[in-house]
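Some notes on the structure that comes next.
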Amino acid sequence: MARGSVSDEEMMELREAFAKVDTDGNGYISCNELNDLFKAACLPLPGYRVREITENLMATGDLDQDGRISFDEFIKVFHGLKSTEVAKTFRKAINKKEGICAIGGTSEQSSVGTQHSYSEEEKYAFVNWINKALENDPDCRHVIPMDPNTNDLFSAVGDGIVLCKMINLSVPDTIDERTINKKKLTPFTIQENLNLALNSASAIGCHVVNIGAEDLKEGKPYLVLGLLWQVIKIGLFADIELSRNEALIALLREGESLEDLMKLSPEELLLRWANYHLENAGCGKISNFSTDIKDSKAYYHLLEQVAPKGDEEGIPAVVIDMSGLREKDDIQRAECMLQQAERLGCRQFVTA
């Protein structure tokens, strides 16, 4: 491409940035390298946000659709997106990056030596969610419940059954249950299940490029978690009917439409919801789900706001014990809060 619009100083900056991201030195940037960049930069971004930014960059930068970004394509990413939030986050990640810690793993789609990482907190949350969702499914008894403190999750998805079940939970009837191989599994029938899961995931809107049945069979963490989050996210938002949901309509700001609200990311929508309830409780707003909530005080007020008041038939009132707010130790206060959360059935995703 023509580089006349790029100054010598900018070109040096871009070459240095490219070299930082191209960790295996093969002259190209892969999706895995982009993912690892954000992980290594220790940016305060949730796993789904990292994946969304990575997908955006790959979609914008990979002009020849070969699954990797060359230096010329990299220049277009920087200049074509330099005013967007995605590019700003990308630049920030590059500037902060000082090194990448490998956890191992290679595939046909990524060069030998490519390093991968994943969030233990994300894995923990997914395991607890899946355990709860599939606890009564007789077809999953061979793997459910999983231990969130181990790598059970990555082996549990290996036969494809859990993935197929998860897809049907998110978008009911996507997969005909009769087509899932469940008994006397062989390498061939396992391959059928995994292909069925991948094709069905794609059909409901998941991005499955560079994810193969063998990757799932081997339980590659960064690919398994990436696919699971997409399936879970689609399920969490599939049933939202804003026009009939007064609780969500209440989150609209002046001049906003229902369509505007649906454009928010899951975290942004959750933050909007949390601040709506905190305002009703007479508390200050939060701007993130890390430093602003680490003392558990905001959680206490949220629990008090959403706890059943006894005004709906068949649902008894739950009075949240707020005495734990007086605890001086953050960890003890968090544990007291979680005990109250458990009374509402929403403790399974977190620990003190």
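From the backbone N, Cα and C atoms, a Cβ is placed for every residue, glycine too.
Those TrEMBL annotations? Automatic predictions, nothing curated.
TrEMBL lists 9-44, 49-84 with the feature domain 'EF-hand'. Per TrEMBL, domain 'Calponin-homology (CH)' is recorded for 120-236, 264-352.
Taking H, G and I as helix, E and B as strand and the rest as coil, DSSP gives the domain 'Calponin-homology (CH)' (120-236) the counts 77 helix, 0 strand, 40 coil. For the domain 'Calponin-homology (CH)' (264-352), DSSP puts the residue distribution at 47 helix, 2 strand, 40 coil.
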